[in-house]
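Q: The compositional bias 'Basic and acidic residues' annotation in Swiss-Prot covers 1-14, 25-37. Sequence annotations record features per position, and here Swiss-Prot assigns compositional bias 'Low complexity' to 15-24. Annotation source Swiss-Prot lists zinc finger at 98-153, 173-231, citing sequence analysis. The annotation domain 'DAGKc' is assigned in Swiss-Prot to 292-426 on the grounds of sequence analysis. Annotated motif 'Nuclear export signal' per Swiss-Prot: 362-370, in sequence order, evidence recorded as experimental evidence. As annotated by Swiss-Prot, phosphoserine applies to 706, 782, with the evidence given as similarity to another entry. According to Swiss-Prot, the compositional bias 'Pro residues' annotation covers 764-778. According to Swiss-Prot, the repeat 'ANK 2' annotation covers 858-887. Summarising the annotation, Swiss-Prot assigns motif 'PDZ-binding' to 925-929.
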């Protein structure tokens, strides 16, 4: 690192540079050629410097391993020319390279510090980037400056070679300075008070980007010996692949000795047994150190799944894990990674995507024939996700912390999943008149994990896929897609295109001909089902406990369930019904006499007349999310679970949740009590839901007392308020996996997405009563000179003086709440400028809605003013009332941009979130029209 001026000024600027990475021996790196001898002496200092007055110590340089030699063909200067946004697996990969993503963070100062920041003099705020692996933020122009302060990212691999004779078997911390830090200091247990240092350039914490331990940036909390001590890799050490396992290999040289070896016949025989993938040279090799306590994890993310969820979730995994165990499936698929990690003992896989992504990974594992096959867990993205629902992972990802997901993967149970072969060949008995030019002789997949179906559902799916391929621009909205599905299903129903399905098929299951039974039933759809879930969570097999002819459905019993659907049973399926159970079998021979739409795990096609054989292929090893109690906080004086729990139920609106879910205390204050339920001490959330809904139906319950304010919608869900640093939603499909005692202690919180913000606050004046029920006593200030002013000016003065009682009195007397002054400012503008929350709430409830987007002479709405003044609560009120977040003032700024200029990043992030929500809502409304 470049030495600093020993003066106090020099130390101050050094604290701003904030380079706090721990390193290996810097002496191994050798002196830099442009350094003077005096500086070389200073570099041999044991690596400690004080930050200002009794600030924490730091050591510069690379991380826990000896600095690697420059990669041949990749000089140091060239590596910085290109900003890296993905993990580099080439032989020219840079040691300790950052992985940059775009960010809209504006409050955090540039990590390189003012001394090295080249963007500080620019007139406008320069674009910034954030490293996903160590979470530092720098200006794009300042990325090269990180070399000057010698700060690299946490290392993801180590170098191999004869120089590193004593290769390290442990990982050292990667210390990073933070100007903001959540949680508490590991040494003293006190918080970091980031609320008071938000606009400060002072370093408040030093944290490790591996284990996430954080300390106050002062010598009383962060000791010198902690720089060199081994890192535990944190609470997820069992799933993190240490960088010591990953070696960069040297490309073999064409020496004389090597050429002689190539001529040996035995060598030729050995190499001929290897496939082309296994035999070729790779820049990186894996040398694991097996441990029975470790469950190393590979994460595969499909960024195309779930809108933008996949791309965002990658960044979270890069932070919690080694970046070289996280893979983007759009960059080449899973095969390369599975080949490389095939010898890692006790390996587990996390597939982030839809059921199609899971099937892709399972098929690749089949091709590689890994022994034993690693179990696969699922993080469901998007919609549908029937396999994920079956294995208790839920129907989609909401906002569960990634840290908790990793714990679920580590602790999940290993189960088996039947996989079924599909073999189709043309039906030679079909006549030429049955041929269809648009049909194909091949199925889209030759194996299925979920289901194989033909008839009505396949026809609807096929039309959707064909229309989307022809006009992809018309299918970029989930709402539009659902509308198209509904329209196609309705038109297909009217046309009756699948009503004669039974006349053109023959079904033989385990040697028994079911064709007569099917012809009597006249189904419009037949499903061969492997798992209990189908069509986004429905259960078509149901619970045949009363029917002794059928067994309950399992995904590992080697049997398929054959189900027929009439239009009546298809409609009943969406409200808890089931289809017509035909049989359970191990083998199916299906013959079609004409071209019929079919689908394999959601992939449709129109299959020409064929003979199809379905038989068990193998069993895949999967991870099933377990029901556990270990997430509950443990205390030394913890009491056993009582027989009964008496719990207060409180409801949170979606507006409050999105604005405050990172602030537990404020969100608790914003919640509305619904009542009290008494549940068994060991009850899960599924049972608790039944008690809460019973509370709504009781004559003396909360729903009966105030139906407008307290009646729950059908889409409410539980909130976990205990196991993470913030609130997060619990998927309804996973309620049976969580105990009440895990997510609540004395009070349980639920989120109602259809609850309006105003109804969540009973202390606000209700819109249904235009005037207050009880008169107010005028304040002394309101009594002076009131009669001397016109009514409009009286209203303005009342708004300025925060005199809500006077405002109500004038309104009752016929005052116009839309009155403006000479500069076109409304009463709401004046109330915002003085920070009068009570007046703002009254105006929002009683003034016409046009007041929300009314502009004054500078083009500013009341929301522009509130954002510029950093009035978060008032902004929250105005946004809840329905103000537009996309209106711009005369300078072209939206309210979010005004908050950014005021350097209030939390408010700007909230406004940006609500702005995106408004845009999506507007798009869906336009589509509905």
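Backbone N, Cα and C atoms are what each Cβ position is placed from, and that goes for glycine too.
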Q: With DSSP, how much of the repeat 'ANK 2' (858-887) is helix, how much strand and how much coil, in residues?
A: 17 helix, 0 strand, 13 coil
Q: So if I exclude everything within five residues of the ends of the repeat 'ANK 2' (858-887), which remaining residues of that chain have a CB under 8 angstroms from its CBs? That is, six or more out.
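A: Non-local partners: 655-656, 659, 756-758, 826, 828-829, 831-833, 835, 837, 840-841, 844, 849, 851-852, 893-896, 898-899, 901-902, 904, 906-908, 910-911, 914-915, 918-919.
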Q: Within the domain 'DAGKc' (292-426), count helix residues (DSSP H, G, I), strand residues (E, B) and coil residues, in that order.
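A: Taking each residue of the domain 'DAGKc' (292-426) in turn, the totals are 53 helix, 33 strand, 49 coil.
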Q: Quick one: average pLDDT across the repeat 'ANK 2' (858-887), no decimals.
A: 88
Q: When secondary structure is assigned with DSSP, how many helix, strand and coil residues does the zinc finger (98-153) contain?
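A: Secondary-structure composition of the zinc finger (98-153): 8 helix, 12 strand, 36 coil.
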